[in-house]
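Chemist: Have a look at this one.
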Amino acid sequence: MLQTLYLKTVRDRWLGALIGVASLWLVAVFGMWAYAGIGDDAVAFFDEMPEFYSSLIGISGDAGVTGLMMSMMFNFLGPFVVAGIAISMGAAAIAGEEREGTMNVLTTAPRSRSRLFTSKTLAVLSIGVAVNVLAWLGYLGITVMFGESVTGVNVGAATLHVLVVSMLYGAVALAIGAATGQQQLASGIATAFLVVSFLASGLLPMFEGWEDVAKIFPWHYINASAPLTNGVDWGQMAVLLAITVALVLVGWAALIRRDLRSGEGRLPLVARLQEDERVAKVLTMLQGRQSTRGMTGMALSDSRALVAIAGGGMFFMMTVMGPLFNAVSDFVGDFASAFPDSIMAMVGFADYSRPEGWYHGEGLSILAPVAIAVPVIAAGAALAREEQRRTISVLLTSPVSRSTVAWRRAAAMLVVSFAVSALIAAGIALGNWIGGLGMSYANIAATGVLLAGLGAVLGAAAFAAGAFTGVPRIAIGAGTGVAIVGWALTAFAAVNDALEPLAHASPFYYVTWEFPLDNGLYWYQPVVLFGASAVLLALGVAGYRARDLKG
């Protein structure tokens with residue numbers, strides 16, 4: 001038996017974090033493979049880049065292939081993965097124990113709430129540091145493995161910037177979870193903040209007079225001082241660390257003053273607010289109900305917060321991007337065309353001078369997959385979570401088979417995927433109408449179908465892993481790993497044709513490769529996506545039926 005709560009938390013969380021790091025290592029391997037195929041042309045590509053972009057990403061032609069790979073890892077994918085791990089751990093630290101019904105066990109020990117909170121926070125910090133150190137060592141090792149040099153690229157400094165920024169996002173989730181006891185609400189809000197920060201940091205500098213507004217978003221400081229070239233900006237890091245500490249203290253202050261629960265329930269604040277009819281419906285939608293009117297309905301209720309935040313947030317963003325295109329259309333095409341093909345390949349060679357390309361590059365390539373992945377992977381892992389909560393025995397007392405229980409959870413995951421995808425497509429359609437962009441509504445609908453297929457595959461991967469193991473963190477890690485590696489395969493295949501055969505194994509290939517907003521869907525795309533998800537779901541149900549269950 002573990003002697004401390006700190007060690008217990010580390011034990012419970014290390015595997016999922018390691019899966020995330022391993023996914024980043026694999027992406028780095030694909031990246032070096034793709035860019036190594038460019039060879040000496042890497043320096044020429046840097047010379048072709050606009051001067052502002054070379055300055056922005058903080059690398060020069062001397063960095064060569066290593067610089068290309070590191071700029072991608074530290075300016076996009078790496079921070080998303082590391083911050084996602086921090087958010088997951090922060091949301092689960094306190095609120096997760098309440099949701100799983102284990103808080104009553106922890107608080108019966110001779111341990112104060114402050115000590116409980118401190119142990120959990122230190123565990124989150126320890127795993128966050130370990131994740132970044134392992135990622136740093138992996139990047140260096142992979143670079144050497146491909147015979148490249150790290151001269152001119154300060155990997156350690158960039159790693160520290162990502163660590164500090166990701167811990168701030170984790171602190172947001174920790175504070176919300178500690179204050180509310182609602183894990184999904186904490187995870188959803190922190191993830192939405194992460195996505196908005198990424199979008200704002202990229203778009204606001206395009207508008208004269210709005211450049212400084214981007215500085216209020218943590219993502220801005222991942223590369224604001226070009227750490228890959230200039231090293232650590234200790235002033236920026238000190239400010240971010242101070243904000244992180246303040247958020248942690250807010251969470252601690254809220255935790256020691258509120259009632260704790262065993263099993264997710266209603267917040268006292270929400271109970272009071274629901275007396276106001278004007279907000280009762282919205283709060284009920286966000287929280288969900290402990291309904292027993294049906295297993296599928298109960299599963300959907302558990303996902304309402306994430307669907308509302310992810311889907312609703314994307315609906316708003318996609319709507320705004322319509323009139324926003326009209327505001328930037330005079331220069332955004334020239335802005336994007338200034339980049340060499342090796343960079344534009346990362347967003348599928350989207351033509352930013354057209355609304356379809358604008359939505360493809362800014363929405364479908366980056367934001368939409370993240371918004372779909374978070375709720376569907378959580379829904380896919382829900383079956384394993386029933387075992388962790390030890391509530392599966394209650395479900396199985398109903399006159400239904402194991403297979404029925406599993407299939408109903410799978411059905412709920414598919415509904416979540418279609419719901420978020422429909423909101424994204426509806427946002428694009430509304431933005432198209434408001435902006436008078438003239439995009440095909442049929443192609444927008446086709447895009448929504450393909451996004452639903454992507455979500456189905458990611459959720460099915462999590463479902464299958466959870467069904468075979470009964471361990472939610474493995475389920476979430478599997479779904480996240482498929483998402484990370486799948487995105488990387490498709491992106492790097494656009495850079496190096498040698499990777500295209502491998503890209504056919506990625507679900508992202510069947511969503512973005514053929515530009516659905518321009519061309520609609522081809523028959524094989526939904527067949528592959530939904531066919532693959534059906535196979536994964538069937539395998540998961542078979543594995544779930546065949547093994548011994550826990551709880």
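The backbone N, Cα and C atoms fix where each Cβ goes, and this holds for glycine too.
From TrEMBL, here are the annotated features:
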DOMAIN    75-254  domain 'ABC-2 type transporter transmembrane'
TRANSMEM  14-36  transmembrane segment
TRANSMEM  76-96  transmembrane segment
TRANSMEM  121-146  transmembrane segment
TRANSMEM  158-178  transmembrane segment
TRANSMEM  185-207  transmembrane segment
TRANSMEM  237-256  transmembrane segment
TRANSMEM  305-325  transmembrane segment
TRANSMEM  364-384  transmembrane segment
TRANSMEM  411-435  transmembrane segment
TRANSMEM  441-467  transmembrane segment
TRANSMEM  474-495  transmembrane segment
TRANSMEM  522-544  transmembrane segment
Chemist: Given a Cβ distance threshold of under 8 angstroms, which distant residues of the chain, six or more beyond its ends, lie next to the transmembrane segment (158-178)?
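Modeler: Result: 70, 74, 78-79, 82-83, 85-96, 117, 120-121, 124-125, 128-129, 132-133, 135-136, 185-187, 189-190, 193-194, 218-219, 221-223, 225, 227-228, 232-233, 236-237, 240-241, 243-244, 247-248, 250-252, 254-255.
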Chemist: Which listed stretch (121-146, 185-207, 305-325, 411-435, 441-467) has the most C-beta pairs under 8 A with the transmembrane segment (364-384)?
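Modeler: Looking at each of 121-146, 185-207, 305-325, 411-435, 441-467 in turn, the most contacts to the transmembrane segment (364-384) are made by 441-467.
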Chemist: At least three Cβ pairs under 8 Å linking the transmembrane segment (305-325) and the transmembrane segment (185-207), pairs spaced 6 or more in sequence?
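Modeler: With 3 or more qualifying Cβ pairs, these stretches touch.
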Chemist: In the same chain, which residue numbers or ranges, 6 or more beyond the ends of the transmembrane segment (237-256), come under 8 angstroms Cβ to Cβ?
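Modeler: 94, 113-114, 117, 121, 160-161, 164-165, 167-168, 171-172, 174-179, 218, 221.
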Chemist: Could you check whether the transmembrane segment (121-146) packs against the transmembrane segment (14-36) - three or more CB pairs closer than 8 Å, residues at least 6 apart in sequence?
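Modeler: Contact confirmed: at least 3 Cβ pairs fall under 8 Å.
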Chemist: Applying the under-8 angstroms CB criterion, which one of 14-36, 76-96, 185-207, 441-467, 522-544 scores highest with the transmembrane segment (474-495)?
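Modeler: Maximum Cβ contact count belongs to 14-36.
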Chemist: Near the transmembrane segment (185-207), which residues from the same chain, at least 6 beyond its ends, have a CB less than 8 A from one of its CBs?
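Modeler: For the transmembrane segment (185-207), the list is 80, 83-84, 87-88, 90-91, 95, 169-170, 172-174, 176-177, 213-214, 217-220, 286-287, 305-306, 308-310, 313, 317, 324, 327-328, 331-332, 335, 362, 366-367, 370-371, 374, 378.
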